[in-house]
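What TrEMBL lists as transmembrane segment is 27-45, 65-87, 234-254, 275-296, 424-446, 458-483, 495-514.
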Amino acid sequence: MCTLAARNASAADTGPWRPDPTFRGTWGIISTCLSTLVICVWSAIHVDIPPRHQKRSFVVKVRWLIIGLFAPDVLLYTALCQAFWGWELSRNMSAGLVAEQSAASRVTWQERLWRSIRWSAGSRLKAGIGRTLTGSSIRKNAWTLTHGYYAAMGGFILDSSSTPVFGTETRLVLSHNMMAIIVKNVPDLIPDIPEDRIRQQSKSNELAKALLVLQLVYFSTSCAARLAQELPLSLLEIWTLAHALGAIFVYVIWWKKPYDIPEPTLIMGDRAHEFAAYFQVIGLPTIPIVAGIHPFSGYAEKDYLRVAPCELLEDTGIIPDEEQMTVKLLPGESIQLEGYTFAIRAKEADPFGRRVFGTTHCPWYAQERDSDGSVSISRADILRWRLAARAAARISESWWPTDVVRYTKAGGLGASEGIPSAQALTILGIFATLLIAYALPHFLGWSAAFPTPVERMLWRVGSIVVGVFPITIYAILILMFLINGCSFLVEDVNYVLFGFFSLCFPFIALYIFANMFTLVESLRQLFHLPDGAFLLPEFSAYFPHFA
């Protein structure tokens, strides 16, 4: 009887249409915010190309996802730095790698606009690259912004199997300064790759972009509808809106960057071996710290060597036996290789070498010397010097290039280089503007419901700090540039600059604390929301989205 009654009641209550509830729960708020954040940040992150195909690429992307969720400013600054070098490589390499007229005409208007901007450092590099071109120097494919990003994300690597990088890695990632040296002296070493081939390797798909746009439009429309209908926003929604905005900035900056390319372009051959050895001798070994924003470098091997052509010296040094495993050299003693003499300098061991290389593959110049100051040079060291000498004979900078060269195990995001001083104010100005835009949504919580008046006051102070921080830091940097430019008027200018630079640290600490507080308070307020926060605005329930 009970079952029959239930069936009759169910049949009587049926109707043609039953609307969704007009309210939401706490989990609905959390899931919508979380899905919006993950979709935005995950889609925005364009990881770099590993030196060889690795299954850890997913792990690397998850690490950058965490950075994007909790420190979007770090991800944004890294994206700006890489975008700068991508644009610069596009402009400068196109000046050194001249393509056929038909290929050059396919360059986009954005790239032409960037190339028309007269960056002082870019002009200097372009002037250094210029040379007389022969018919064989003309390339079939123009160097585009896609190529620039491809190079900046570790797309071109040298085969360094003869001289492994950091003792184990047999591939050396070419940085922008390495590319400039190669293009100036041996441009045909850079492969002539069509842009379409790079795009074909990119895993970006239109469905992922559509899902991102759909979720963003829903979330922003929902927030706007709540404000228009005077329904309160939760602090977590405000926090999500700010971070999603930061992720969109990153996505736009990396719009032309290839997405998740699995394999780089490997440059092989004798010259690749020679330049891989050369860059290891003249370059600073670098490991990334703080997500690559502050790369930590040791000393270059050339700093512990005195290299000179043999014809300039009376003593041409020892000619090593190729079968000899090690050669012991005292300070001042030299080895003759490929027309150069390599003499050991009387210096202390590199104090940062063990931190950069570790203990297993620590090079000779980072190891403690014997009591008489002598060092043991292995056959691998001699081979590296020999190959580097052959590369040095091909180039004009020889052993002292104009720009600093750094080499890493992987390159790319984890070892992004800063912006040259000539362009620093412009790029940092863009960065400060984007940070201000990221801070603006925090002020939507100015009149929100808080558990206590103290928390309301702290949120307001934190919002002001997040908004004012970029302006303050940028103003300090402008003052430092002005003081440095007028150094002839200021005594002890270095002390003055250090004093201004020290002012940044309290503001940075306050900024980090403010960001942490906004996150914690956003989660805490979920358990003290007013009733209106659970009501749904009209029409938003029918908008397709992820929750």
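Keep in mind that glycine also has a Cβ here, set from the backbone N, Cα and C atoms.
Heads up, TrEMBL stuff is auto-annotated, nobody curated it.
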**Message:** Given a Cβ distance threshold of under 8 angstroms, which distant residues of the chain, six or more beyond its ends, lie next to the transmembrane segment (27-45)?
**Reply:** 61, 64-65, 68-69, 72, 75, 208-209, 211-212, 215-216, 219, 222, 234, 236-237, 239-240, 243-244, 247-248, 250-251, 254, 526, 533, 545-547
**Folded-back contacts onto the transmembrane segment (495-514), same chain, C-beta under 8 angstroms, at least six residues removed** = 461-463, 465-466, 469, 472-473, 476, 479-480, 483-484
**Request:** Tally Cβ pairs under 8 Å between the transmembrane segment (234-254) and each listed stretch (65-87, 424-446, 458-483), then give the stretch with the top tally.
**Result:** 65-87
